[in-house]
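Taken from Swiss-Prot, the feature transmembrane segment covers 4-24, 62-82, 96-116, 140-160, 165-185, 216-236, 247-267, 279-299, and the record attributes it to sequence analysis.
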């Protein structure tokens, strides 16, 4: 509970931040009616979504239809367990592997939701999402492997000591760039949000969801965004952990995560969506060879 509630609160205010950032980038105010400066908007949205009647298509598979959003949110929250801030919830030896396994499992939630809706749009959206997530996980795994070679251990907590004197982004900035772009693709954000191409697929895999279940998907997506940014910070921009003031580490860490999250929103406001083939070309023809070469280079170091 100590992590779940703050994460959900962070997600709520991230939605507000996103609407504000996009608003100001389009020369308008964003939500500013509910509460001072629109601060109560996310709470109003949540209440509205959860008191709506959850619709369920007649032809859909009920069990999977309900399980998919709950699984998505559960996995999104479980990913936070091994993150050191500065101490993880559960200190695992193979925390990186745990996170990779969970992020691969998240594909199932998307696949089930699209398949159980029994709608063509949802199915196409889900298939796209699955292909995209699985593809980009390949580069993420290789980049993580390269970082672990410098770290010398599978535990995330040791990255803090590794980066005491210099950030890992310095020796491996091409990896950091590819990692950042891959995290955007992994979390299905613009310009990689092919799963919900409004012009062609209405809303993608969650097209048949309304009310509560839709809110769960929404929460899962944004929790994943914050989590991926937190992981980026841990891997490449390790905050300095001063043992006398551990609070400073958390503040430093969260400030960087906030900056990266704002960067995500900035990218969303700036760039148009990719075509599906461009997305796959970028990964299999550009990122994969590059990451493999970098990984080999790190092995030789």
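Glycine is no exception: its Cβ is also placed from the backbone N, Cα and C atoms.
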Remote residues contacting the transmembrane segment (165-185) - C-beta distance under 8 A, at least 6 residues beyond either end: 132, 136, 139-140, 143, 146-147, 150-151, 159, 191-192, 228-229, 231-232, 235-238, 260, 264, 267, 279, 283, 287, 290-291, 294, 298
Whether the transmembrane segment (62-82) meets the transmembrane segment (279-299): three or more C-beta pairs under 8 angstroms: no
Tertiary contacts of the transmembrane segment (279-299), as residues 6+ beyond its ends and Cβ separation under 8 Å: 131-132, 135-136, 138-139, 142-143, 145-146, 149-150, 172, 174-175, 178, 181-182, 185, 192, 194
Considering the transmembrane segment (4-24), which listed stretch of 96-116, 140-160, 216-236, 247-267 counts the most C-beta pairs under 8 Å: 216-236
